[in-house]
Structures are given as structure tokens and as C-alpha cells.
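A.B. asks: Take a look at what TrEMBL says about it:
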REGION    1-58  region 'Disordered'
COMPBIAS  43-58  compositional bias 'Polar residues'
DOMAIN    57-149  domain 'GDP/GTP exchange factor Sec2 N-terminal'
COILED    67-151  coiled coil
REGION    176-205  region 'Disordered'
COMPBIAS  184-199  compositional bias 'Polar residues'
């Protein structure tokens, strides 16, 4: 471009200059030199302007491209920052959830530990209570076995020892003993219950035949003996024998007597004769020597009962006493079977149960020994 500019400047004369036709000596070359200097300066100035414009355009283009690049980088950085913020939020939620689950797990573990400790303490207390009760039962059974041995030696069902059974004595010979009674529902049937190892004498003039339904129910009960009256064996006896036998005129007192017999907390004791000095009793006495508390009828009452540790005495007639005694005899025998004290053949035990059921039926009908 500079070469073309020089050629154009050589072809055309510079405007505003006079061309000397006849140059003088000494100044022949000066006009040409001035023109050349003016043309070179213009060319240099235009070149510099062109370069400046190019630089400006290239700098603007660079700025624009740099701005676009920076915008793109900023946009990418903002996207990455948003993603990182979301990730941080998600991680913080996960952390909070884990902390909450850890707190719940710790609380549940502490609660479970406290629950286990409470259950262990409860079981320990129950075990200690059962141990105390078992020891008490053992002591009671040992005392009963000792008493039964004495009764077996000195008394038989055919000829009972009246010294050991004051309830069999006549009213004129009866002696009142404070504290004496048939405690824990024991009765005169202890003789027959304790002497079951001896072969019973066959009953004469009597024929027996086993009822298959009753015997099956007794065998099922004998496999796992219990005092729960929901089983078929005891349910039948409650409906047919125990319930009717303990159904007296005074319904409320009858229910209390039945519960005391079931819980083994009934006490029967003879009443002092009129010839002896009157004994002061702190407990409340219901009925009287001339009125039965269960039937409400005017009867001569030779015995009185106490239910548990209530301290209330109830006078009962001989008939009512026979009915209560018959039920007590039955419960005493089945308790001995449950505790494993009776070691006999199943059929012999079955017939003893039937005999006790017959006693309850007869007592309900009003039949009782004259000694009562």
C-alpha cells in the first residue's frame, strides 16, 4: 500500500505547490525534496491511523470476546455454586435425620434397658414371693403329714379317735378350746385322704359301675390337676354338687362361705357348752347358739365358722355344718391329689371322688351323722 501511495504521488503533482519550469542553480532539487517529505509524512500518519484503528477494533473485539468468556465462566460458576448449595442442603438434611435417628435409638435403648431392669426386679420379687409361699406350703404340708401319721396310728374310719376329733364328742363331753378349729378347710376326711396307701375295704351289699363320661373327665383332669373350675371335671362338680350344697337361705353369706372354702381360709370350731364359764370373744358374733346364720332358722348351733381373718364368727346348725364339711372334704382330697400326696390307681381315686360327691348330695338332702 505504501508502494502504491508512492506511485500515485509520483504520477500526480502535489496540490498547492508550484512546479518550477526553469529551476535555478543551487535550488534545483529543493522543490522535489519538499514534496517528497510532505508525501512521506502523510503516508506515515495514515499508516499510524490505520494501525490505531486496527488496534482499537481488535481491542474492542478482544474485550467483547473476553466479556463473553467471563460471562460464560460466571454462569458456569453460578451453576456449580447452586449445585453445591443443593448438595450441602441435602447433606445437612441427611445429617439432621441421622442425628434424630441416633437420638431416638439412644432413647429407645435406654427405655428398653429400664424396662428390662423393671421386669427383672418384678420377676425377682415374684420369685422371692413364690419361694416364701413354697416354703410356707412345705412347712404346712410337713405339719399335715405329721398330723396325718398320728391320725392313722390312733384312728381309723370305722372307729375314730374322739380325743383327736372333738367334733365327734357328745355335747355333754365337748370342751371348748380357744384357737382350736378346722383351719384351712381341713376336715375329718383327712383320715381317709392320708391313709390312701392302705387298700380300702370293699363295700358290702353294694355294686359299682364306672360311668365312662365321668371317668374320662376325671382322667383328663388327673393328667394336669388344677383347681380352676373352668375344666369339665370341676365344672360338672360345681354345678351338680358344690353349688347346690353351699346354697343356703342367706345368699350373701353363702357366697362368702363358698369363696372361703375355695381359697382354703375357712375355720370351723365347736361352741363351748352352757355348763362352762362364758369365754369373752373380741370378734363380732353373728347369729347365736339358738339361730343358724346360714339358714336363718331357730336351731341349736354347736359350731361356728370364721371366714379368713375377718374376725367375724357365724353360728351354724348341724345340717349346715355337715354340708360345709362335705364340701371341705372334697376340696381337701383334690388338693392332696394336686400336690401329689395321694399315690393310688386312677380308678381308686375316681371312686373316692364319687364317694365324696355322694356325701355332698346326701348332706344337701339333709342327711348327716347324729354326732354332728
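Easy rule for this one: first residue shown is 1, then count along the chain.
Just so it is clear, glycine is given a Cβ too, placed from its N, Cα and C backbone atoms.
Help me picture these features in the structure, burial and contacts included.
C.D. replies: Model confidence over the coiled coil (67-151) stands at 88, taken as the mean pLDDT rounded to a whole number.
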A.B. asks: Take the compositional bias 'Polar residues' (43-58) and count its residues per DSSP category (helix H/G/I, strand E/B, coil), listing them in that order.
C.D. replies: 16 helix, 0 strand, 0 coil
